[in-house]
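Quick look at what TrEMBL annotates:
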- HIS105, HIS107, GLU111, HIS150: Ni(2+) binding site (BINDING)
- HIS105, HIS107, GLU111, HIS150: Fe(2+) binding site (BINDING)
Amino acid sequence: MTLELSPGVEPGDASSQAMEAWYMDDSEEDQREPHRLVPNQPVSPDRLRELGVFHWKLNADIYETDPELELIRKEQGYSYMDIISIHKDTLANYEEKLKMFFEEHLHLDDEIRYILDGQAYFDVRDKEERWIRIAMTKGDLITLPAGIYHRFTLDRTNYTKAMRLFVGEPVWKAYNRPADDFDIRQKYVASLQDPGA
Ligand code: KMT
Ligand code: NI
């Protein structure tokens with residue numbers, strides 16, 4: 001039997017447990033607050049997939065020996081990995097980095113993050129440029145497509161530990177918005193109009 005691990009689409013098993021996502025309000029309060037609309041306006045995994053955002057739920061307690069993680073890495077070609085602990089006592093230039101992570105930006109490659117401990121938010125723009133907030137908790141592995149505008153923040157708990165995965169040698173370079181002239185951006189925008197492209 002071949003094990004096909006499609007991100008989050010098999011009903012009934014652990015990998016289908018959806019992350020919670022919602023449209024954000026535009027209030028000026030702290031970025032670490034949830035910023036939900038009232039009433040809350042949830043965003044489904046299908047909607048996220050249309051934006052090219054994929055998700056798996058894994059058992060982070062066994063990440064060092066997890067066959068499911070191994071299989072995903074193999075199938076997706078995630079040869080590189082490291083672990084980043086984001087907390088004021090563990091991350092050099094903590095404040096500065098958090099500020100950087102929260103600037104709206106894109107990358108020329110997919111951003112792949114697996115939350116091993118704690119929690120955090122990834123915000124992504126939808127097709128109409130509205131911010132969607134994705135609540136990441138322990139066990140969530142997410143992939144953001146190259147060219148999507150996004151940002152990252154800790155939540156009120158001020159701590160997360162994440163695995164960073166990458167295809168080949170990692171490139172962390174972020175291009176702050178506006179970065180619309182990159183081919184990868186134009187490709188991404190085109191893929192939103194025609195999801196089959
Ligand atoms: C990025 O580029 O948005 C990040 O690397 C976010 C921090 S890593 C959990
Ligand atoms: Ni990024």
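Easy rule for this one: first residue shown is 1, then count along the chain.
Every residue gets a Cβ built from N, Cα and C, even glycine.
Feature annotations (TrEMBL) mapped to structure.
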residue : record              : CB count, 10 Å
HIS105  : Ni(2+) binding site : 19
HIS107  : Ni(2+) binding site : 20
GLU111  : Ni(2+) binding site : 22
HIS150  : Ni(2+) binding site : 23
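Using the Cβ center of HIS105, HIS107, GLU111, HIS150 for Fe(2+), the list of other same-chain residues with Cβ within 8 Å runs, in sequence order, LEU106, LEU144, ILE148, TYR149, ARG151, ALA174.
For the recorded site, HIS150 (Ni(2+) binding site), the DSSP three-state label reads strand.
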